[in-house]
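Data first, discussion second: the structure below is written as structure tokens.
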Amino acid sequence: MPLRLERQENVSGLRLALAPLLALVFTLIVGAIMFVVLGHDPIRAFGIYFVGPLLDPYTLQELVVKAGPLLMIGTGLAFCYRANRWNIGAEGQYVAGAVVGSWLALVTHGTDAGPWVLPAMLVMGALGGALWGLIPAFLRVRFGSSEILTSLMLVYVAQLGLDYLVRGPWKDPDGFNFPQSVTFDANAVMPLLMDEGRLHGGIILALVAVVVATFVLGRTLVGYSIEIGGSAPRAAAFAGFDERRVTYGVFAVSGALAGLAGIIEVAGPIGNLQPSISPGYGFTAIIAAMLGRLHPVGIVVASLVLALTYIGGEAAQISMRLPFDVTRVFQGTLLIAILAADVMVRYRVRRVEGTSHA
Amino acid sequence: MRKIISMAVAIAAGLGLAGAAATGALAAEKLKVAWVYIGPVGDFGWTYQHDQGRKAVEKEFGDKVETTYVENVPEGPDAERVIEQLARAGNKLIFTTSFGYMEPTLKVAKRNPKVFFEHATGYKRDKNVSTYNSKFHEGRYILGQIAAKTSKTGTIGYIASFPIPEVISGINALMLGAQSVNPDIKVKIVWANSWFDPAKEADAAKALIDQGADVISQHTDSPAAMQAAEQRGVKAFGQASDMINFGPHAQLTSIVDNWAPYYIERVKEVMDGTWKSTDTWSGMKDGEVVMAPYTNMPDDVKAFAQATEAKIKSGELNPFKGPIYDQSGKLVVKEGDVLPDKDILSMNWYVKGIDDKVPGK
Amino acid sequence: MLDAAILGAVLASIVAAATTLLLASLGELVAERAGTLNLGVEGMMIVGAAVGYATAYGTGSLLLGTLAAILAGMALSLVFAGLAIWLATNQVASGLATTILGLGVAGLIGAPFVGTRLDGAPALKVPGLTDLPVIGQMLFGQDAFVYASLVLLAAVTYGLARTRVGLVLRAVGESHAAAHALGHPVRRIRTLAVMFGGACAGLAGAHLSLAYTPFWASDMTAGRGWIALALVVFSAWKPLWLLAGAYLFGAVSILQLHVQGFGLGIPSQLLSALPYLATIVALVAISALKRGQGAPASLGVPFVPDR
């Protein structure tokens, strides 16, 4: 086909802003076809999906609550991915952080330990996540093992470890032997920001992380060494950047942020430790990081959009009785549209004379 | 003055509450009822059966109800939002059908005092939160008896999901039933660590068969184990649904979850304004635990099973009637006593004769 | 504790359990050797399982069902290829989006078939040989998918190493710029490799819904697509190591069930974690022995021809 994609050297802000619009139009077209085929009113479906959640103050809060862990984990992953370190085990680091942080909440349970408990839990959560993240980093540096695989395998190990703890030693003694810990004391719970709803202090920490990450990645030598280590490792070595230190560093940061997100979620919306504490945040955050083009601010936007697709999907199930699978198809379509639109604005499709290899 | 106003507000709120309950009785307005499911409605197991109950409610009340459900809701932070959304969408009665929804249900219930909630398999209640569950162990006692009469190797295979009290009490009930027929019977237990993973359930069934089990019982949701038994030519019991279709020569019977009677009753109570917070633990007597037809067994075994079923229904037989010994040989339930409900609901010990350890103990 | 009969049955179960993984990971290996990382394996598998079951149920033919599953896996792989290869989008995100789409589509297709069943693919027995002690059942008592997976493995091993097509494919994966300069149609080759991956994933899905557990239930792949992806990395992109990896994974997951059956009282969570821990240990051992992972140099990098 004599068509060719050409990279636009200087993409204007206007064109970049056009991407989401283009994606929306594409999704609306494909989505409309899908809804009509399945026998649903497309206009109503779109309204429930995209507009409804943005009008209700309650769902707006929920949007932020859901996006919080995504953007925090995604921001950490941006460090890894910019350095070309493929940490896909954030879900495990999230669980590890939640477990380590919760330990403190459980040992201080019922002791009136004072207001230091929550901050200490957050620190321990971040440490737990960082340590879990450092395992694949160590295996890579020491043995050259692929971090993609080891970090993914460690997800399952962390989940089974949590499972063991809440069904065994950490089980609530008054809980009829059901697999969950005691409910955390007040001094081990994230403070709420509003009288109504679930908006909690964790979102402030997430935003702080985004600001700091934007600065570190964009304006400091550390950020530069990560970037160059990822894109041009040889040049980085010449410039004196230690590849191993970069590996440890980015895994520690992304592990810490994932762990922090884990302990915040447990000490916030959940309130105790139980076998399932994440609806796949660690994996969804990978999509958020990619859609956000590895830029913290972009990741914030991407996380909010992803959160909207989940909440809109639930709303569509509730008010239109759409099966979950329809919302999954729609979410997949939307993601595909966003990805495609992103390319469309940054590249130009051009007709090429004659045949070309491609 | 302020006091009078606040009193007026309180009275108005009280009236509003009563009014809300009363509106259900008006035929003009549909009662909105919602379900929250842990799995897909297509799992042919736990969630599938709850959805059958929902459909029974629709069939029973027709135009008077409007039902809705949200499937695949993970336990954890998302559950609370989904339940809250359902309450905000005007549902007056909400069934949350997994243990992990307990805390989220209670939290949402506090914020929505005019909405009634029903939480399956939990133990915490509130003014507007009831709990309900089924005495599946009654059925498992019968399975144990059938298995002991059917097995030639004297070994029953048991595919378990997670070591929660309901599963443990199911294992114990099966063992007690089996021992009532053959005191030397053996039970081999394999934990799948999953409620739903067809291939793994099939693997577990094959492993048990390879180790000499010739009757397979499962406490996981898919029909994979039944199919594996059919393939290998051994017998098996179904779970949640009648699985005869998957094991025409293998299925001895199934414990079928039948939530329809309970759901219809509770919906009716909301319509009549008589709903109260209760803790319901129904069994075979109430038609909530149903035995699928007894098949692939000699007539005398069938008659024996039917007799036991009748005795359980009449209350003459209680699976957890003493004497019951634990694994160490200690007498836990004295002759003539029965194990109290709360001890069954929190069970984490095996009865004598089970050659395994309760995981996590 | 172990006699010959049990051992033979265990070995046969291991091979059967490993086959789904082997099929799916073999296709992904080819896609990755051509330079494309497709995280949509789980989605393509489940679509294969659903379409395969629906077709076999409707037509009564397992063969037609299997073919339909292969085509369905290929169709979904084209969605991924369109994005990641022709539009040069990020491959990780595109693959995840493909999986989400696939899970949804499969659920919709399979919904009418919940609670139905099929007679699964029969074990192919060879008189005399199947009854051999220990290895008889493992080698001569499996269903057609098992043998197909081994034939495919041999073909891929030979094809990649010894044929011109394999050479070109590897060249594209190692350096798309160089391959392009030599006049090879990089994106067309990558698309074909991804389609092969989709076909294999669809076949793996059919193995589940038509042979291993011959019924349909939502999400019945239960994460096996992700394991298949991990196995490709584990194999260091070498087909024979893939065979070893898939059988090792199958062995650990079957054996942990047997160990439980013997009632040794080891926490079942630890046993369930074993396949994953074993994979890590094996990976570390492999990489400690021979430095470097052998990853195709252009893996995951989109190719955009210069103007």
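Along the chain as shown, residues are numbered 1 onward.
Glycine too: its Cβ is placed from the backbone N, Cα and C atoms.
According to TrEMBL, the features are:
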TRANSMEM  A:21-43  transmembrane segment
TRANSMEM  A:63-81  transmembrane segment
TRANSMEM  A:93-110  transmembrane segment
TRANSMEM  A:116-139  transmembrane segment
TRANSMEM  A:203-226  transmembrane segment
TRANSMEM  A:246-268  transmembrane segment
TRANSMEM  A:280-309  transmembrane segment
TRANSMEM  A:329-347  transmembrane segment
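Across the candidate stretches A:93-110, A:116-139, A:203-226, A:246-268, the maximum count of CB pairs under 8 A to the transmembrane segment (A:280-309) is reached by A:203-226. If one looks beyond the transmembrane segment (A:246-268) by at least 6 residues along the same chain, the residues whose Cβ comes under 8 Å of a Cβ in the stretch are 68-69, 72-73, 75-77, 79-80, 82-83, 85, 87, 90-91, 93-102, 105, 118, 121-122, 124-134, 136-138, 140-141, 147, 184, 188-190, 198, 200-202, 205-206, 209, 222, 225-226, 229, 236, 277-278, 281-282, 285. Sequence-distant contacts of the transmembrane segment (A:116-139), counting only residues of its own chain at least 6 positions beyond either end whose CB sits under 8 Å from a CB of the stretch, comprise 85, 87, 89, 92-94, 96-105, 108, 145, 147, 150-151, 154, 158, 185, 187-190, 205, 247-248, 250-260, 262-264, 267. If you look at the transmembrane segment (A:93-110), the same-chain residues 6 or more away from its ends with a CB under 8 A from one of its CBs are 69, 73, 117, 120-122, 124-133, 155, 158-159, 161-162, 165, 170, 181-182, 184-185, 187-188, 254-256, 258-263, 265-267, 273, 277-278, 281-282.
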